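Enquirer: Could you have a look at this structure, given as C-alpha cells, before my questions?
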Amino acid sequence: MATDGLHENETLASLKSEAESLKGKLEEERAKLHDVELHQVAERVEALGQFVMKTRRTLKGHGNKVLCMDWCKDKRRIVSSSQDGKVIVWDSFTTNKEHAVTMPCTWVMACAYAPSGCAIACGGLDNKCSVYPLTFDKNENMAAKKKSVAMHTNYLSACSFTNSDMQILTASGDGTCALWDVESGQLLQSFHGHGADVLCLDLAPSETGNTFVSGGCDKKAMVWDMRSGQCVQAFETHESDINSVRYYPSGDAFASGSDDATCRLYDLRADREVAIYSKESIIFGASSVDFSLSGRLLFAGYNDYTINVWDVLKGSRVSILFGHENRVSTLRVSPDGTAFCSGSWDHTLRVWA
C-alpha cells in the first residue's frame, strides 16, 4: 500500500513539473509576439481634449448599499439591486421607480435586464438566480410570477442574459459559471476552471461568437467557449481579486478591474496583457469597469469613492469624477453611449453625462 502511495506522489510530482515546463514554453511563445507596446503604437494618435461629465440624475430609494445595476436595451430604464434585498426598476429620465421587488434574502449581488426589456433577473446570497417578468398592471404581484432558474452551491455573484430572454449565464462563489435555460431551469453547460470564487462575467458582443470572459478571486481572467464549456484563453497578471471584466466594443479585447488598484487591457488576438491603467496615487481597488461606445475611454469605479476615466490607447487618466460618498460598486455605460450610471455603497445611483 505504501509503495502505491509513493508511486502516486511521484506521478503527481512528474505531472506537476511537466505542467510547469509547458507553462514556461507557452510564456516563451507569448513573449515572442511581444514586439511593441500599445502606447508606442498610439503615439501618433491625437490626445483627448477637455473632458467634462457631470451627475445629471441621482436615483434615491435603496435603504442600503447598491451592489449591481444594468441598463435596459431601451436606453432609459435601469435595474439595480442592493444589500437591503430590494431590486428596483427606475426610469432614468424622470428618476421614478417603476417596479420594486423584495427578495427573500439580503445582499442581492447580481441583477440583469432581459434583452426584450420584459423581464429582470437577480440573485445573491440565496445561491440562485430568479427571473421576474415585468408588467405594467399595478395590481399584479410580481413575486407570484417569479421563476427560479439557476441553482449554485454558493452565492450568485453575477448574471447576464445571452442574446435572448431564453438563456441566462451565471457566475458564483462556488467557483463555476453556468448557462441555464430560463423556461425549464435546466442546466445547459457548466464552466469549471477557476480555483476560487468567480466574481464577474461579461458576454462577448454578439457579432464575435459564443464566448464570455470571467474573473475571480484566483486573480485569473478566463475566456470560455459557451458551446463546448472549455476555457479557450486564460490571463493571470493581476495581483489580487478581479472584480470586474468588460469586453472591448469590437470583441477583440477586454478590460479588467482588480483589488490590486489597477485596470488592465488584454488583447485576445495577441493573447497577452497590452496595457495597465494605474497611478501611484491610486491605492484602492477598482470595483467596476466599462468602455465608452467607441472604446477610446475606460470608465472605472474605485473603492475610494471616485470614478477614473482612462484614455485606453495612451494609458493616461483624462478625468476623475467625484460625487459618491462611499465606494463605487457598479458602473455601466448606457446602450447608446450617451451616459453612464454608477451605483455606490452610499445607497444611491448616479447618471453621468
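Backbone N, Cα and C define each Cβ position, glycine as well.
According to Swiss-Prot:
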type	residues	note
REPEAT	61-100	repeat 'WD 1'
REPEAT	103-142	repeat 'WD 2'
REPEAT	151-192	repeat 'WD 3'
REPEAT	194-236	repeat 'WD 4'
REPEAT	237-276	repeat 'WD 5'
REPEAT	278-320	repeat 'WD 6'
REPEAT	323-352	repeat 'WD 7'
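Thinking about packing and proximity, how do these listed features fit into the structure?
Expert: Counting only same-chain residues 6+ beyond the ends of the repeat 'WD 1' (61-100), those with a CB under 8 A from a CB of the stretch are 106-113, 115-117, 120, 122, 124, 132, 134, 142, 158, 326, 329-330, 332, 334-336, 338-339, 341, 343-345, 347-349, 351.
Here the repeat 'WD 2' (103-142) has a mean pLDDT of 93 out of 100.
Under DSSP, the residues of the repeat 'WD 3' (151-192) split into helix, strand and coil as follows: 0 helix, 25 strand, 17 coil.
The list of residues near the repeat 'WD 4' (194-236) in space but at least 6 beyond its ends in sequence, with Cβ under 8 angstroms from a Cβ of it, reads 154, 157-158, 160, 162-163, 169, 171-177, 179, 242-247, 249-252, 254, 256, 258, 266, 268, 271-273.
Taking H, G and I as helix, E and B as strand and the rest as coil, DSSP gives the repeat 'WD 6' (278-320) the counts 0 helix, 21 strand, 22 coil.
Within the chain carrying the repeat 'WD 7' (323-352), a Cβ under 8 angstroms from the stretch's Cβ atoms is held by residues 53-60, 62-71, 73, 75, 78, 80, 82, 90, 92, 284, 287-294, 299-307, all 6 or more beyond its ends.
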Enquirer: Counting only residues 6+ away from its ends, which parts of the chain sit with a Cβ under 8 Å from the repeat 'WD 5' (237-276)?
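Expert: Hits for the repeat 'WD 5' (237-276): 30, 33-34, 37-39, 199-205, 207-209, 213-217, 219-221, 223, 282-291, 293-295, 298, 300-302, 310, 312, 315.
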Enquirer: Can you tell me which parts of the same chain pack against the repeat 'WD 6' (278-320), counting only residues 6+ beyond its ends and a CB-CB cutoff under 8 A?
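Expert: Cβ under 8 Å, 6 or more out: 38-39, 41-42, 45, 47-48, 51-53, 240-241, 243-250, 255-263, 265, 326-333, 336-337, 340, 342, 344, 346, 352.
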Enquirer: Taking DSSP states H, G and I as helix and E and B as strand, how many residues of the repeat 'WD 7' (323-352) are helix, strand and coil?
Expert: 0 helix, 16 strand, 14 coil
